[in-house]
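Reading through the structure tokens given below for one structure.
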Amino acid sequence: MKVCIISILGRPNVGKSSLLNKIIKYDLAIVSNVPQTTRDQIMGVYTEDGYQFVFVDTPGIHKPLNLLGESLNKEAFSSLKDIDCVLFLSPVNEDIKSGDKLILERITNAKNKIAVISKIDLAKSPDEIAKKIDGLKEYGFNKIISVSNKNDKSVDSLIEILKEYAYNAPPFYDEDYITDKSMRFMAKEYIRESAINLLTDELPHSIAVEVQDFIEEDDRITINAIIYVKKDSQKGILIGKGASMIKKIGTNARMKMSHQFDTKVTLNLKVKVSNKWINDKSALKKFGYN
């Protein structure tokens, strides 16, 4: 077996989670158009044709405005320990920004690093892709490639390139192993994903989810969870008129869990206010953001 441990880095909302899901062919990392959707370091394992790649998806690196932001950056940079290759993602339609430069400084001495130009379906012309490639050349990447999550061939090309950095070693995990995250963790994330994709403005950044009970039975899983917000006004928005919004959130999350877990799911949601959770160390620890 040939193996390689790969860290996926980039600013918020550059396509890291979408790429991981496409590679491992499983909705592991939640996806939305809201920056900083990923809050945890998530490991996804690809095993095929005598190769095993362990991918580490990270929170988007940004200038932190609170303790949660500091925790997310710390989580992202911790992924650089004991890795064999770095994938640095940057969208084709965006210039290199201060957040990118922060990451590029941290990976200056990485032995193997690949620049991945993401969202190439948004490119207006081949010249735009060429300009992006030129802008990345000064940072010492081993390779610069472009990827579209809508194009399987471009993802296959990335896998072929990564094989160049794999080495002979016993596999880290069994062939059917996908992630180190538990079903309980995934339930929390699917609830948060459902809420994020239905809510607007700053509210998605203000929510946290706690799974209180995760009960596995022969024919179903029963989940009791709490969605926390920072303000009473946000609680009203999250619940909605006649509980319409919380019902939508619950229905969407339950349907995804039932599909991903391959069993019936009963989901019970409550909404509570925790005014300062985003800047409270004990609250962050409670929600899994150490």
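Cβ from N, Cα, C; glycine included.
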According to Swiss-Prot, which of these ranges is region 'G4': 70-73, 90-93, 118-121, 126-129? 118-121
Per Swiss-Prot, the range holding region 'G2', considering 36-40, 131-135, 151-155: 36-40
Students should find that the region 'G3' stretch in Swiss-Prot, chosen from 57-60, 97-100, 217-220, 233-236, is 57-60
Across Asn13, Thr58, listed as binding-site residues, the smallest other-CB tally within 10 A is for Asn13
Taking DSSP as the reference, which of helix, strand or coil describes Gly10 (GTP binding site)? coil
Confidence over the domain 'KH type-2' (199-275), expressed as mean pLDDT on the 0 to 100 scale, is 92
Helix, strand and coil residue totals from DSSP for the domain 'KH type-2' (199-275) stand at 33 helix, 29 strand, 15 coil
